[in-house]
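*Asks:* Below is one structure. I have some questions about it.
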Amino acid sequence: MELPIRLVVGLGNPGDKYTSTRHNIGSDWLDRLADAQRVSFALDIRFRGLCARIVQSDTDIWLLKPQTYMNASGMSVGAMCRYYKITPEQILVVHDELDLQPGIIKLKSGGGTGGHNGLKSIVADLSTQVFWRLRIGVGHPGDRNQVVDYVLHLPRREEAALIDEAIDHSIQVWPLIARGNFAAAMQQLHTRQEN
């Protein structure tokens, strides 16, 4: 058992035109968690983001959707961590992952940024790569020159269905993640996808 999660960050770009795009999958995931927990987001200018609070096992857990655009997400995350004295090991960042097929979700701690500007910004602000990531597969366009256009568009219908199903399953696994029972959470997330 590791430290419980105290901050969940859903990466995405602000504005209606980005809603449900591949790059906003993290933000969309956080909306689903907030709905399941029956909480609403409110803008908090201290953290440059939309925030909500849930309580799990007597622990306050903050939900944060940075409103800074992806490449400045670290400012929002860092501000909240400093204010609430949250360590990097207590953070879960939910983001789109080009290296995973739609419908695949992987949980891991640390690692590189894979070129993801939101992760780069968070790593730069926290001065560490050691935080938890929930990587939601969106697939790859096959040509790195098409990545920017690809992530800023909606997934195809069949991809969206796979992503939705995987998100639903990961929300069911959320209590394990929140408590810091990452081994059990990974087993449930990763084993299901191999079947």
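Every residue gets a Cβ built from N, Cα and C, even glycine.
Dumping what Swiss-Prot says about this protein:
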ACT_SITE  H23  active site, proton acceptor
BINDING   Y18, Y69, N71, N117  tRNA binding site
SITE      N13  site 'Discriminates between blocked and unblocked aminoacyl-tRNA'
SITE      D96  site 'Stabilizes the basic form of H active site to accept a proton'
*Asks:* By the DSSP assignment reduced to helix, strand and coil, which category contains H23 (active site, proton acceptor)?
*Replies:* helix
*Asks:* Fewest other Cβ atoms within 10 Å: which of the binding-site residues Y18, Y69 wins that one? Let me know.
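*Replies:* Sparsest of the binding-site residues Y18, Y69 by Cβ contacts within 10 Å: Y69.
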*Asks:* With DSSP assignments reduced to helix, strand and coil, which class does Y18 (tRNA binding site) get?
*Replies:* helix
*Asks:* Residues with Cβ closer than 8 Å to the Cβ of N71 (tRNA binding site), same chain and 6+ apart in sequence?
*Replies:* N117, G118, K120, S121
*Asks:* On the Cα atoms of Y18, Y69, N71, N117, which are listed as binding tRNA, what is the maximum pairwise distance in Å?
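*Replies:* About 16 Å separates the two most distant Cα atoms.
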*Asks:* How many whole Å apart are the CA atoms of N13 (site 'Discriminates between blocked and unblocked aminoacyl-tRNA') and Y69 (tRNA binding site)?
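*Replies:* So the alpha carbons of N13 (site 'Discriminates between blocked and unblocked aminoacyl-tRNA') and Y69 (tRNA binding site) sit roughly 5 Å from each other.
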*Asks:* If H, G and I count as helix, E and B as strand, and all else as coil, what does DSSP give for N13 (site 'Discriminates between blocked and unblocked aminoacyl-tRNA')?
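*Replies:* N13 (site 'Discriminates between blocked and unblocked aminoacyl-tRNA') sits in coil per DSSP, no helix or strand.
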